[in-house]
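Novice: Encoded as structure tokens, here's the structure I'll be asking about.
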Amino acid sequence: MSTLSPEQRQALLEGPAGPPPPGQASNLVDPPNLLVAGHSVLLLFWTLASVAVVLRVYTKVFLIGLMRLSDYTMLLAWALFMGYFGPAWGLSAAAPGVDQWNLRLKDYISMLYYFHVNSILYGICIFFIKLSIFLQLLEIFGQTRDYVYWSCHCCIWANFVFYFISTFIEIFSCRPLSKAWDVLITEGSCLDMDLLNVLAGVVNCISDLTIVILPQTRIWRLHVALDRRIAVGTVFLFGVTACVSAVVRVVYTVLLLNATNNISYYSYLAGIWTLPELACGIIAGCLPSMPKFLRSLRQSSIVSKWRCWLQKLLSTVVRQQQTTSVEASVWPVHPKDHPEPYPLTSVGSWTSTERESTSSATLTSPECV
């Protein structure tokens with residue numbers, strides 16, 4: 001449509017991005033959308049991933065005093081995830097799960113642009129997340145050159161080759177490059193990227209399952225107590241969440257193959273599921289550092305002071321409850337027309353009883369002295 005005048009192009013940009021289904025009309029003013037849900041998901045997983053990385057770095061720097069290659073690659077993956085956040089927010093603002101016939105063409109083009117940018121960042125980010133996790137598995141379980149050692153190395157190089165090729169294809173999928181998002185450009189050609197996205201999702205699921213299963217084969221052979229093996233195995237099982245997110249994303253990507261008239265809606269859903277996939281991958285890579293951090297937290301003076309305060313508060317509550325029960329059971333009851341003849345004597349009698357009973361309920365702790 002290079003022959004369009006500026007006025008004609010602007011008119012198309014302000015119109016709907018696709019024809020509505022039979023019996024429906026386009027709603028370009030206030031269409032149903034997922035804006036609030038999308039922004040909530042973005043902020044939630046951005047926060048969770050950031051907290052996990054901060055705790056991992058703090059543990060490695062201040063508690064262990066050693067940063068390994070897996071830590072640096074996770075920091076790089078987190079930085080890429082922060083860069084992923086910007087286009088994801090822009091995509092959610094331009095087309096937050098809006099049906100294509102309820103979306104202006106200019107917003108549809110903006111959505112395709114952000115989707116293209118994040119498709120490139122996604123492959124790079126997910127590679128460094130998995131690189132960090134596989135390096136961490138080598139640091140923990142790769143002391144001997146057994147099947148774990150060679151499996152991790154094979155997965156690292158297989159992921160590198162796949163994501164390098166897929167990212168290159170994603171960048172140069174169209175000639176000219178702007179044809180990837182500007183639907184008004186008619187000259188040139190583009191590759192079928194939907195098939196590549198489905199293939200990438202399948203590869204992600206396979207590598208995610210490998211990350212989940214591989215450490216379990218070593219953990220359950222450790223000569224330690226059963227509860228210890230369960231605790232360690234549970235930490236490494238968190239990667240299942242990333243695998244589930246990848247599977248859901250593949251489902252929406254497959255639906256996108258046949259959604260010729262509602263690409264905006266299914267593209268948004270396929271894209272939004274990359275956020276829990278990336279964030280859960282980052283969290284899964286940081287969880288092995290959490291036990292050390294939690295042990296240090298329990299031993300810190302601040303936590304000890306709070307524990308003492310809670311113990312004193314609980315002690316006070318127990319004393320008050322016992323005081324109330326003693327008052328109800330020991331305090332003598334007299335009719336209104338026969339007042340108690342010796343009130344001070346009766347008060348002294350139940351007060352001494354209360355003091356003896358409640359003193360035994362006081363919670364004491366050497367840290368609180």
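Just so you know, glycine gets a Cβ as well, placed from its N, Cα and C.
So TrEMBL lists the following for this protein:
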type	residues	note
COMPBIAS	358-369	compositional bias 'Low complexity'
DOMAIN	55-294	domain 'Rhodopsin'
REGION	329-369	region 'Disordered'
TRANSMEM	36-57	transmembrane segment
TRANSMEM	69-91	transmembrane segment
TRANSMEM	111-135	transmembrane segment
TRANSMEM	147-169	transmembrane segment
TRANSMEM	235-259	transmembrane segment
TRANSMEM	265-287	transmembrane segment
Novice: Averaged over the whole of the domain 'Rhodopsin' (55-294), what is the pLDDT?
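Specialist: When the pLDDT values over the domain 'Rhodopsin' (55-294) are averaged, the result is 91.
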Novice: May I ask for the residues of the chain that lie six or more residues beyond the transmembrane segment (265-287) and have a Cβ under 8 Å from a Cβ within it?
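Specialist: Non-local partners: 34, 38, 41-42, 45-46, 48-49, 52-53, 55-56, 70, 74, 77-78, 81, 84, 88, 91-92, 95-100, 111-112, 115, 118, 122, 125-126, 129-130, 132-133, 136, 197, 204, 208, 211, 235-236, 238-239, 241-242, 245-246, 248-249, 252-253, 255-256, 259.
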